[in-house]
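Engineer: Got a structure for you, questions after.
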Amino acid sequence: MISLSLPSPAKLVPPLLPTSPSHQKPSSSQSLKNPSFEPLKDRLIRQANEGNIRQAISTLDRIAQLGLTPDLTSYSLLLKSCIRTRNFDLGKLVHIKLTDSRLELDSVALNSLISLYSKCGDWVTAKSIFEDMGEKKDLVSWSAMISCLTHSGMELEAIFTFFDMVQSGEYPNQFCFSAAIQACSNVDNAWIGIVIFGFVIKTGYFESDVCVGCALIDLFSKGFSDLNSAKKLFDKMPERNSVSWTLMITRYSQLGQPRTAIEMFLDMVFSGFTPDRFTFSSILSSCSGMGFLFLGKQLHCRVIKSRLSEDVCVGCSLVDMYAKCVVPGSLNDSRKVFDHMPDHNIMSWTAIINGYVQSGGKDGEALELYCKMIDEGRVLPNHFTFSSLLKACGNLSNPELGVQIEDSGFEVDAFTFASLLSGAASIGAGGKGEQIHSRLLKSGFQANQCVCNALVSMYSRCGNIEAAYQTFKELEDRNVVSWTSMITGYAKHGFAKRALEMFHQMLEAGMQPNEVTYIAVLSACSHVGMVDEGWKHFNSMSNEHGISPRMEHYGCMVDLLGRSGFLEKAVQFIYSMPFKADALVWRTLLGACRVHANTELGKHAAKMILEQDPNDPAAYILLSNLYASMGQWEDAVQIRKSMKERKLVKEAGCSWIETENGVHKFYVGDSKHPQAKEIYEELDRLALKIKEIGYVPDTDFVLHDVEEELKERYLFQHSEKIAVAFGLISTSRPKTIRIFKNLRVCGDCHTALKYISKATGREIVVRDSNRFHHIRDGACSCSDYW
DNA sequence: CTAGGGTTAG
């Protein structure tokens with residue numbers, strides 16, 4: 001019997017709480033008069049200016065620890081430095097400290113905060129700061145806000161804000177004008193841009209400011225696709241710099257005039273302007289378009305001389321240029337550039353893969369590179385990558401080309417296709433997986449067991465369990481992997497009954513289960529809370545099948561017991577294990593404590609996790625969520641703070657959805673999507689609709705201590721809701737909406753999605769980091785147990 | 001503290 005005598009909270013989680021300063025606090029007489037303040041302030045200024053933000057923040061803390069009050073200038077300086085060095089998380093930390101300091105903020109500090117949140121993409125916070133400014137609003141605040149709205153995809157609101165500014169009696173300067181003109185640089189609003197253009201001419205800012213000139217060039221090139229007018233403006237600009245030259249060159253290149261782009265580039269160089277990384281990326285792309293390998297090579301020399309060959313974008317353009325300027329040997333040059341690049345991203349991988357596909361007969365190498373990309377694991381494919389790969393698969397199913405692949409010495413085996421499918425599954429690209437499937441049918445691999453198992457798993461991981469079963473059914477030669485894939489699929493989708501039926505069929509068919517099969521069986525039980533059934537299988541796995549349970553199996557049982565509410569039994573079970581429980585097991589228990597709001601046990605679990613892994617972000621997050629859900633805001637904030645101090649970063653939550661034109665990914669409050677405006681309008685409509693039929697926002701899931709109304713607004717910016725709203729506006733009934741999330745789905749989102757399914761009559765399938773949810777007509781397959 | 005330019009496919 002384990003007794004749960006838990007030490008007091010303070011002793012339990014010592015590393016989480018900041019220790020009080022060991023030195024003596026000076027008494028309250030303080031601030032500028034104290035001789036020790038000035039040197040510390042000087043140090044802070046130096047550190048902030050040098051961009052050593054963390055050190056500067058420590059200095060700030062030290063000033064506060066000494067009982068002195070840092071002045072507003074110190075905070076403002078730190079904020080500016082965070083913005084300059086793009087240390088946005090630290091900037092938010094400074095914001096928290098600034099709020100705690102209770103100092104009265106001036107325009108400069110508030111404008112810095114607007115800029116900070118704007119650059120994080122968090123326009124809601126930026127806007128609420130802006131609106132609360134009252135009389136403190138100045139031209140900088142207006143400009144920052146207009147620009148923030150434009151970059152968040154709310155161009156029309158940005159334009160209205162500009163008009164509001166003029167109405168309020170402010171006279172716009174060059175910053176306001178360029179922000180407002182940028183808001184108009186699209187097809188919808190270009191005509192408003194013309195009105196503002198007239199205004200600009202009168203003020204003389206067109207003549208005096210290069211940035212206003214650049215904005216106007218984009219008004220004509222992007223808003224009207226009118227390069228002639230854009231070029232006329234460019235010619236009339238009294239002052240030019242390499243940015244305005246590059247802008248003109250890029251627009252020529254993008255709007256299908258690579259030859260003119262190249263001519264302008266030569267003009268630019270002859271006029272004495274130095275091309276930089278932006279110029280080179282654009283102009284190399286024009287060379288690819290024209291097939292100008294000779295010029296491309298000269299540019300490559302200049303890239304090296306300008307020390308720009310390490311830039312990822314320039315590298316991509318070079319890889320693409322050599323690959324597209326097809327002469328003997330140029331593909332090898334492309335590969336050489338690729339191999340020499342210090343960093344790769346999905347674009348550079350896609351550029352080289354596409355190079356092999358386009359050069360003809362090198363599809364095997366293309367697939368080989370793709371496998372390498374997946375193996376290295378740091379880069380996920382996108383729809384550009386799949387376009388190339390599908391073409392390669394198509395070529396491979398062509399018998400004539402098939403012969404040439406045997407020549408290259410690379411065997412396109414089942415493993416290659418399996419890895420192709422696994423890549424599609426990892427990003428939830430079921431549509432692409434399906435296309436690969438149809439290619440496979442043509443290429444003769446369809447009967448292969450390994451490929452079919454990959455197909456079963458791909459369909460299941462992409463949320464289409466019916467297609468997974470269909471593929472499984474058609475497979476005659478099933479092995480333990482085939483059965484286990486199918487059981488795992490049913491378990492993850494929450495269809496425990498079918499998973500167990502499948503398991504019995506497997507045993508009846510005389511198939512011997514393995515360790516992985518039992519993980520699937522036990523997790524099926526834990527996803528629906530079948531405690532007795534779970535025990536039965538846990539016991540029979542060693543007794544009847546001679547498989548000794550591993551840590552993962554114990555973990556499944558802890559999950560099963562914990563989430564069913566048998567928290568104490570779960571702890572007893574942990575201590576009865578034949579080996580010491582690892583951090584994952586304790587994390588599982590901590591998760592269960594959050595569900596059942598057991599703070600004491602939760603703290604114990606957190607302590608055990610941190611003993612083994614003192615820097616585990618998950619422990620901090622779970623504990624902080626646990627406190628937050630109990631309304632213990634101060635404790636929650638304290639944990640978040642110490643996380644930041646320990647430089648622990650939580651993975652940002654994001655959701656994505658696949659449509660015909662690719663995978664669309666969204667973060668919290670994301671507004672970078674080209675259709676952001678429509679998405680948020682849809683969200684507003686949905687919020688109204690579902691409230692009418694009984695939805696009540698569960699603001700417990702908002703992990704900040706803010707007003708209820710603001711909490712609701714935060715809730716409606718969760719990435720899963722955004723992805724669903726996008727799914728609703730870009731597909732139509734009766735298509736199932738399948739969305740994916742890298743973390744667990746939030747409780748309020750889960751509730752809201754159930755109402756949304758009822759209100760819209762659409763089925764929604766959610767894959768989170770843990771399992772699937774099939775949501776239809778107001779109910780979820782998980783029966784709200786997850 | 002506020003404004004400008006880039007690369008991968010079909």
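Just so you know, glycine gets a Cβ as well, placed from its N, Cα and C.
Below are the features listed in TrEMBL for this protein:
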{"type": "COMPBIAS", "residues": "A:20-31", "note": "compositional bias 'Low complexity'"}
{"type": "DOMAIN", "residues": "A:694-786", "note": "domain 'DYW'"}
{"type": "REGION", "residues": "A:13-36", "note": "region 'Disordered'"}
{"type": "REPEAT", "residues": "A:106-136", "note": "repeat 'PPR'"}
{"type": "REPEAT", "residues": "A:138-172", "note": "repeat 'PPR'"}
{"type": "REPEAT", "residues": "A:241-275", "note": "repeat 'PPR'"}
{"type": "REPEAT", "residues": "A:345-380", "note": "repeat 'PPR'"}
{"type": "REPEAT", "residues": "A:448-478", "note": "repeat 'PPR'"}
{"type": "REPEAT", "residues": "A:479-513", "note": "repeat 'PPR'"}
{"type": "REPEAT", "residues": "A:514-549", "note": "repeat 'PPR'"}
{"type": "REPEAT", "residues": "A:616-650", "note": "repeat 'PPR'"}
Engineer: So if I exclude everything within five residues of the ends of the repeat 'PPR' (A:514-549), which remaining residues of that chain have a CB under 8 angstroms from its CBs? That is, six or more out.
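Structural biologist: Same-chain residues near the repeat 'PPR' (A:514-549) but 6 or more away: 480, 483-484, 487-488, 490-492, 494, 496, 499-500, 503, 506, 556-557, 559-561, 563-564, 566, 771, 782-783, 785-786.
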Engineer: Counting by DSSP, what is the helix, strand and coil composition of the repeat 'PPR' (A:106-136)?
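Structural biologist: Per DSSP, the residues of the repeat 'PPR' (A:106-136) fall into 26 helix, 0 strand, 5 coil.
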Engineer: Determine how many residues of the repeat 'PPR' (A:514-549) DSSP places in helix, in strand and in coil.
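Structural biologist: The counts are 27 helix, 0 strand, 9 coil.
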Engineer: Go ahead and report the DSSP secondary structure tallies for the repeat 'PPR' (A:479-513): helix first, then strand, then coil.
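Structural biologist: Taking each residue of the repeat 'PPR' (A:479-513) in turn, the totals are 26 helix, 0 strand, 9 coil.
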Engineer: Compute the average pLDDT of the predicted model within the repeat 'PPR' (A:138-172).
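Structural biologist: Taking every residue in the repeat 'PPR' (A:138-172) and averaging pLDDT yields 95.
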